[in-house]
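> For reference, TrEMBL lists these features for the protein:
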DOMAIN    69-207  domain 'tRNA(Ile)-lysidine/2-thiocytidine synthase N-terminal'
BINDING   Gly72, Ala73, Ser74, Asp78, Val104, Gly182, Asp187  ATP binding site
DOMAIN    316-346  domain 'Cytoplasmic tRNA 2-thiolation protein 1 C-terminal'
REGION    350-384  region 'Disordered'
COMPBIAS  359-370  compositional bias 'Basic and acidic residues'
Amino acid sequence: MDGPGAEGARLPPARAGSRLCVRCGERKAALKRPKTLEQICRECFYIVFEDEIHQTIVENSLFKAGERVAIGASGGKDSTVLAHVLSELNCHHNYGLDLFLLSVDEGITGYRDDSLETVKRNEIQYGLPLKIASYKDLYGWTMDNIVKAIGLKNNCTFCGVFRRQALDRGAALLKADKIVTGHSADDIAETVLLNILRGDIARLSRCTFITTGEDGPIPRCKPFKYTYEKEIVIYPVYEISYIFISFFTTPTLFKIENGLIWLYHDPGIYSPNAYRGFAREFIKDLERMRPRAILDIIKSGENFRISTTRRMPEQGTCERCGYISSQKLCKACVLLDGLNRGLPKLGIGRTKAGAGAESDGKQRTKRSERNTSSLQGKHGNFDF
């Protein structure tokens, strides 16, 4: 089963004559870790997987005892494994956290409504309270309606901007101190590459931070920053009596065949040609040649420095809704204003809000295309 969107992680059963686990030296190796290529047994895999995440949490001081932490839960593999692991570590290492599940309902019929059923099962499974923030309640629009207005070309802009703000608003309703998301090492490496290709120096300077938004109302943390996506998938697959994890998937996203786990990256029904998909395939090609390439890209992103002679955008607050923004109006308000006025393309492109939002949409789209074509622009330049 070969294809450009498939990526396999071998999961052979322990056989007579197979090698012993390099960790314990007692049990037969059951898999080769995608991250290190070590041959280890399934028991050691679980221990190492959880221990590495615990070390990431401790070394980066992600949490303080007594904090209320909202887990961004989509029902997919990353967020579901994150909820399970964080619940386990919270108990075993006595973090003293008050954990919640926080989901966003974008209003995508046949996709998000199904995955939310998985989140509701996780709520019962882990005994964690669940809050669902919906686009319909927050903005008066669903993604189904937005796509009817804007089409398939630019709908990702709306979904991404609205989702980020919806998570913050939902977390505020939960009175959360922090939000944790299931972004893996693969996701962060892709983002580094995307920001380089787009010449977005402002985002490149912070995309590898394990905690972001510390100057905003609710910081966000990424405990899976150094965790490979393949290992996140392997974690719930083995049938061990004390682990049962249920997550939402589709027949084309996750399949086991001939001792292999195949990952098919589903870009979403409204984003079949998302730009991130090209970066993802490139990252996977690099990983096949050199598994450590993912961590190397993250490390490179961490070592980027911005020229001190360049002025970076300053964070402020939106005059209309109070959300963090570097312009008079935040991106969500500009996009929502365009939808409500029957001008859905009003906020598309890299443009200034406020007075700029009233200018002609076509001119701003052309300006955006010119700006994104160069690696050096108003956001700064690279300093290696």
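Even glycines carry a Cβ here, placed using N, Cα and C.
Tell me about the setting of these features in this model.
Neighbour count (other Cβ atoms within 10 Å of the Cβ, all protein chains): 22 for Asp78 (ATP binding site).
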> For the binding-site residues Gly72, Ala73, Val104, Asp187, which Cβ has the most other Cβ atoms within 10 Å, all shown protein chains included?
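Of the binding-site residues Gly72, Ala73, Val104, Asp187, the highest Cβ count within 10 Å belongs to Ala73.
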> Looking only at the domain 'Cytoplasmic tRNA 2-thiolation protein 1 C-terminal' (316-346), how are its residues distributed among DSSP helix, strand and coil?
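Per-class counts: 10 helix, 4 strand, 17 coil.
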> Under a criterion of Cβ-Cβ distance under 8 Å and sequence separation of at least 6, what residues of the same chain contact Gly182 (ATP binding site)?
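Spatial neighbours, sequence-distant, of Gly182 (ATP binding site): Gly72, Ser74, Gly76, Asp78, Ser79, Thr80, Val81, Leu82, Phe224, Ile232.
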> Could you tally the C-beta atoms, other than its own, that fall within 10 angstroms of the C-beta of Ser74 (ATP binding site)?
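Around Ser74 (ATP binding site), other Cβ atoms within 10 Å: 21.
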